[in-house]
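Among the features that TrEMBL reports, transmembrane segment is placed at 9-29, 41-62, 83-106, 112-132, 153-171, 183-209.
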């Protein structure tokens, strides 16, 4: 494991964090009365687009899992379409999970679905960019001793931290503080966002701190 690889990982994560910051401040120049709380659904859409775009660009530039084999155009198109289908499936899957855990079934359907979209953006999109629409690779990365690179290690950490942030974000909802950020699903989406950012910050630092102990299958 080279320090240059960890630095490259850190820089890509900083750009991902920067994409979230842009989604907070840039829309205010074009949309009146824009804010995370008052126009939360709009912000969820914008944040999802920004984060997805940056992830795609970084994947194309950095190419952490670059293959020496040349792929045909038809293969790339098929792979892209599969990724889109996987993303939509992820959104519907999270939506169902939220409903099973107590989210409104009929009311606030759009809010719940956009919550599923933003969580899919933080978890599924990085998996698709790094591993592609390959369920076996996903299971390998999130299994014990299945990592093959620092990129997969980082993916594991950021995904788990996003889920933890989402879970922690649900705790304030039933409290009678009567704060605007307690409205469904604002606290959960903010928790997911903070969890994702925390994972982006923690993962390269943790990998650097444990670089001498970490071993990967391809090493």
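A Cβ is built for glycine as well, from the same backbone N, Cα and C atoms used for every other residue.
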> How about the transmembrane segment (83-106) and the transmembrane segment (41-62): do they have 3 or more C-beta pairs under 8 A, pairs 6 or more apart in sequence?
Replying inline: no
> Hey, which bits of the same chain come close to the transmembrane segment (9-29), Cβ under 8 Å, at least six residues off its ends?
Replying inline: 35-36, 42-43, 46-47, 49-51, 53-55, 58, 62, 150-151, 154, 193, 196-197, 200-201, 203-204, 207
